[in-house]
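Feature annotation from Swiss-Prot assigns Mg(2+) 2 binding site to 18, 142. What Swiss-Prot records for 18, 56, 78 is Mg(2+) 1 binding site, and it gives sequence analysis as the kind of evidence. What Swiss-Prot records for 9-150 is domain 'RNase H type-1', and it gives sequence analysis as the kind of evidence.
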């Protein structure tokens with residue numbers, strides 16, 4: 001999928017991301033579906049001991065990491081945690097030295113920092129989609145996340 005790597009002209013990429021976890025914490029997986037024009041790429045991965053929120057973050061991080069050049073990216077996520085983190089909370093966390101409003105360390109800070117770095121490479125728009133509501137891209141990302149989780153469980 002060479003064309004999904006971006007052509008340097010700010011290619012438009014649509015990205016659907018999802019995370020899944022059994023037990024929370026427990027085995028988890030992440031999935032990404034990317035489309036640029038007629039080209040499509042899917043990715044998934046997982047960890048043996050993780051949380052749903054960590055897998056939601058990993059999906060977006062890995063999806064953006066796969067783009068080798070700056071692109072215009074629309075990210076479709078069903079995660080309020082990722083959506084609010086990037087659109088509402090991030091600026092304040094950074095201003096407070098990665099602390100929450102009640103001065104506690106931000107959970108999953110290394111993933112938020114990695115995501116912030118990846119987002120900085122691209123022009124990103126965020127779109128929230130209701131999970132398990134028939135959005136075809138979200139359904140595929142969910143299936144990929146479950147594949148990642150099953151692989152992490154050793155099945």
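Every residue, even glycine, has its Cβ placed from backbone N, Cα and C.
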**Report entry** Where residue 142 (Mg(2+) 2 binding site) sits in the secondary structure, as DSSP reduces it to three classes
**Finding:** helix
Requested in this report: Let me know how many other Cβ atoms fall within 10 Å of the Cβ of residue 78 (Mg(2+) 1 binding site).
Outcome: 21
Requested in this report: Return one of helix, strand or coil for residue 18 (Mg(2+) 2 binding site), based on DSSP.
Outcome: strand
Report summary line: Given the Mg(2+) 1 site 18, 56, 78, its other Cβ neighbours within 8 Å of the Cβ centroid, in chain order, are 17, 19, 55, 59, 77, 79, 82, 131, 138, 141, 142, 145
Report summary line: Quick tally, other C-beta within 10 angstroms, 56, 142; top of the binding-site residues is 56
Requested in this report: Pull the DSSP breakdown for the domain 'RNase H type-1' (9-150) and write it out as helix, strand, coil residue counts.
Outcome: 56 helix, 47 strand, 39 coil
